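Please read the structure below before turning to the comments.
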Amino acid sequence: MTFSIHGLPVSRGIAIGRAVLVASSRVDVVHYFIDADQVTAEIVRVRNGRNAVIEELQRLQAEMPPDAPHELAALLDVHLMLLQDEALVSGVKHWITQRLYNAEWALTTQLEIISRQFDEMEDEYLRERKADLEQVVDRILRHMKGVAASPVAAPPVAARRQPAQDLLLDDKVDVPLVLVAHDLSPADMLHFKRSVFAGFVTDVGGKTSHTAIVARSMDIPAVVGARAASQLVRQDDWVIIDGDAGVVIVDPSPIILAEYGFRQRQGSLERERLSRLRHTPAVTLDGQAIELLANIEQPADAAAAVRAGAAGVGLFRSEFMFMDRSGPLPDEEAQYLAYREAVEGMQGLPVTLRTIDVGADKPLDKSHKDTHLNPALGLRAIRWSLADPAMFRTQLRAVLRAAAHGPVNLLFPMLAHVSEIRQTLAQVELARAELDASGTPYGPVQLGAMIEVPAAALIVRSFLQYFDFLSIGTNDLIQYTLAIDRVDEAVAHLYDPLHPAVLRLVADVIAAGHAQGKSVCVCGETAGDVAMTRLLLGLGLRSFSMHPAQILAVKQEVLRADTRKLAVWAEQVLASDDPAAMLQAAG
Ligand code: PEP
Ligand code: MG
């Protein structure tokens, strides 16, 4: 029966496909696709894990003292029986061979399916066996952890679509797949980045959570904050994701499918039309040249930025290279090579490299949960870097070295205090001195500060004494100005880029920067929102950084704009206590 679930639209377009559920309860389980030639090894990994647990339980049984409670023996029997259950064994095998899930993912997927069957049982005793099943699966997972293969990036579509001998007999492999999960960490998203998924749905998350940002960078329809989606959707259900409206339609009727199929085709035609603007210079009707830059997460993204006609990279979120790693952070050489790859990939166009911004919704290691009460107000971004100067300087040296290969700007996240600015700049000096001492070549960099905290916006003139350029991180600036957790869907309705206080801060920063002849960019999600383009132009913004997929749509707005008229209108919007209504009235 058709039903729909409402969430927040985070990445536009329509996706139609079968649901792939990522088990929610076990966030520490890695999810990735294996290559077809790894199927047997993966099945063996689960089998070995299961056999180890069986042996463990049998040993416990054998060693049980005669006076042990009868219930304990019965419980061990039940666990042993569950472990040998055909539905578990054959189900896991199915997900590995037919869908190429890694062993842990296959195991938790099958657990979820059997759990639901338990939930539907009339008999209370049987219903309660679900907890036992979860325990045995946990035991298997723990046994497998020691011998787990390291996660690999999901294979590209082409590789996955290759017929893998007779393993992929199931024709379902060739239908589009959409991912449904309770939550996905940004690191999970990176694994899936070059995968087959046509769309995403998560139960939690806000519009500018980093999971949503990565979804947007993949340019596939996505809905977050869809509350119980991962409970209501079942493995393999047909699902429509409407990324424009933030709606997920489950088990659609043929009429609904036809309607959305039509809208999907309209969307592709619109994109095709926009692609003709790729080589058109971004100049307004009154002759103002506008810089349209790309936000990237990995060096390999540079290619998409160039393809989209970006004038450079306005924000390289370097922390994504540090996330989800087991073992130490990448050393100076590894970082240097990665930054150099991005710089060379941009073919002479500038790259703005932001130093590591971990913390809050970007944990370094997803198994390490941030236990601080308010992680967004805690040790994140520049605070984290300054707390570990040796690590910070490793990154700075790597960036300075990469700057020998092309134009590089160095950008610092979340500064709020002048003392932080001084410490940061002292570390840059020290990093240069270290490179000088070792005779290592490096290049010049422009230094920039992100304006992400209201305090920084309010003392922007002090910032301008120290920096060559500014970049407004509206995602955080909105979060901190309005005291709205950007990740929390419960307060997402209050997250408002058009709040007069936010607009006032943005306008003041742009004006202060320009008054001193310094460049000001907006690199938060508002820069890529076509509904905001005219207002930002009217406020004087001339540099926008966004996901490559949004560049052409924003360029279309730029080409239609007259900044002289927009400046007058923007003044009125700024003075209004209901800017949203004014934007709506302007159409
Ligand atoms: C921002 O806060 O607007 C920004 C660009 O940084 P991030 O989204 O990575 O926090
Ligand atoms: Mg930020």
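Cβ coordinates come from backbone N, Cα and C, glycine included.
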Identity of the phosphoenolpyruvate-site residue among Arg340, Arg486 (reference: Arg317, Arg354, Asn475, Asp476, source: TrEMBL): Arg486
Filtered recorded positions, from Arg354, Asp476, Cys523, whose Cβ is under 6 Å from an atom of ligand 2: Asp476
Position of peak Cβ density within 10 Å, selected from the binding-site residues Glu452, Asp476: Glu452
Helix, strand and coil residues within the domain 'PEP-utilising enzyme mobile' (177-246) as assigned by DSSP: 19 helix, 19 strand, 32 coil
For the domain 'Phosphotransferase system enzyme I N-terminal' (6-129), the number of residues DSSP places in helix, strand and coil: 77 helix, 16 strand, 31 coil
For phosphoenolpyruvate, whose listed binding residues are Arg317, Arg354, Asn475, Asp476, Arg486, the greatest C-alpha pairwise distance in Å: 20
Closest of His210, Glu452, Cys523 to Asp476 (phosphoenolpyruvate binding site), Cα positions, recorded positions only: Glu452
